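Engineer: Here it is, the structure, as structure tokens.
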Amino acid sequence: MVKAVAVLSSSEGVSGTIFFTQAADGPTTVTGEISGLKPGHHGFHVHALGDTTNGCMSTGPHFNPAGKEHGAPEDDIRHAGDLGNVNVGDDGKVSFSIIDSQIPLTGPNSIVGRAVVVHADPDDLGKGGHELSKTTGNAGGRVACGVIGLQG
């Protein structure tokens, strides 16, 4: 069992901890709790870089080793890092669990050392018709992020 964690930081009062676990070559389970967000859906992605020298802006684009267009987590055509949305309650908090087979913790496409990012707006899952739909899901600004690191 491989385990990883990302502690979210934000200049906007958002905080949270995201846990990643993977058994052998199976899918990765992502669980977490985030607080300080406005209610509603927020895009949730793994970005290519673990660079937070310029806050969340330096984490690069969505992790996309196959060079595909943006999509929903269940789509065949999607970035590996496209994890859809988290649905935040009226209290500004969300707890979630996601199982995904495109974000391994080991091997050449490992997400360890990359960043997880929470966006200001809903991810349209590549289906919104906006010019940014096929690249970012038109999910808006980056409100919180954290580097994914191995856990003991």
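Each residue, glycine too, has its Cβ placed from N, Cα and C.
Okay, so Swiss-Prot annotates it like this:
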BINDING   H45, H47, H62, H119  Cu cation binding site
BINDING   H62, H70, H79, D82  Zn(2+) binding site
DISULFID  C56-C145  disulfide bond
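Relative to the rest of the structure, where do these features sit?
Structural biologist: In the three-state DSSP reading, H47 (Cu cation binding site) counts as strand.
Less than 8 angstroms from the CB of H79 (Zn(2+) binding site) sit H45, H62, F63, N64, K68, E69, H70, G71, each of them six or more residues away in the same chain.
In this view, C56 (disulfide bond) is surrounded by 24 other Cβ atoms within 10 Å of its Cβ, with every protein chain counted.
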Engineer: Relative to the mean position of the Cβ atoms of H45, H47, H62, H119, the recorded Cu cation site, which additional same-chain residues have Cβ within 8 Å?
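Structural biologist: Other same-chain residues near the Cu cation site: G43, F44, V46, T59, P61, F63, G81, D82, V117, T136, A139, R142.
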Engineer: Any same-chain residues 6+ apart from H47 (Cu cation binding site) with CB under 8 Å of its CB? Would you list them in sequence order, or say none?
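Structural biologist: Once residues fewer than 6 apart are set aside, H47 (Cu cation binding site) is near T59, G60, P61, H62, F63, G81, R114, A115, V116, V117, C145.
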Engineer: Using Cα coordinates, what distance in whole Å links H119 (Cu cation binding site) and D82 (Zn(2+) binding site)?
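Structural biologist: A Cα-Cα distance of 12 Å.
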Engineer: Enumerate the residues of the same chain, H62, H70, H79, D82 excluded, that satisfy the criterion Cβ within 8 A of the mean position of the Cβ atoms of the recorded Zn(2+) site; list them in sequence order.
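Structural biologist: Residues close to the Zn(2+) site, other than H62, H70, H79, D82: H45, F63, N64, K68, E69, G71, R78, A80, G81, G126, T135, T136, G137.
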